[in-house]
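The topological domain 'Cytoplasmic' feature in TrEMBL is assigned to 1-7. The transmembrane segment annotation in TrEMBL covers 12-38. Summarising the annotation, TrEMBL assigns topological domain 'Extracellular' to 29-168. What TrEMBL records for His123, Tyr127 is heme binding site. Annotated region 'Disordered' per TrEMBL: 139-168, in sequence order.
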Amino acid sequence: MTRKQKRLAIIGGGMSFIVAAVLLVMFAFGQSIAYFYMPADLEKTPVNPGTRIRLGGLVAEGSIKRGEGRTVSFTVTDGEANVPVSYTGILPDLFREGQGVVTEGVFDAATHGFVADSMLAKHDENYMPKEVADRLKDKGLWQHTEEGGQPAGASTEGASADKTGATR
């Protein structure tokens, strides 16, 4: 092998290594991505059962039902559509009816409901998850506060919990 051939072999091997590393990183990110949907989006574009998504909206009034143990069922709404949600775990302290929520999980084909394994709830009176606030603004359902006319979603901090109850 001449020097030129050795150099080309080393460059080719290095490029192959870089391409393989990039493909592995892309595959890893692709597995962890959870797309965001509102209830009305799910009526227009159904999601396959088992596909991991983030579901956001408001907790519908009168929809919270406590089950056995730490299981809670409730409905997420965006004013146009409703999606039944089941969550087993410790709820964030600020979870309640009429408040913004973003849940992450999968659809259950047997129950036709959403099974959440983590949840982000409203942090305080001035917070609503940005994705939910933007979608509610688009649908004309955004509520302004009484003082100063500032939208209720100006902050970007939230309290969340997963199945272990750990706050993030």
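Using the three backbone atoms N, Cα and C, a Cβ is placed for every residue, glycine included.
Averaged over the topological domain 'Extracellular' (29-168), the predicted model reaches a pLDDT of 75. Not one residue of the same chain 6+ positions outside the topological domain 'Cytoplasmic' (1-7) places its C-beta atom under 8 angstroms from a C-beta of that stretch.
Across the topological domain 'Cytoplasmic' (1-7), DSSP helix (H, G, I), strand (E, B) and coil residues number 5 helix, 0 strand, 2 coil.
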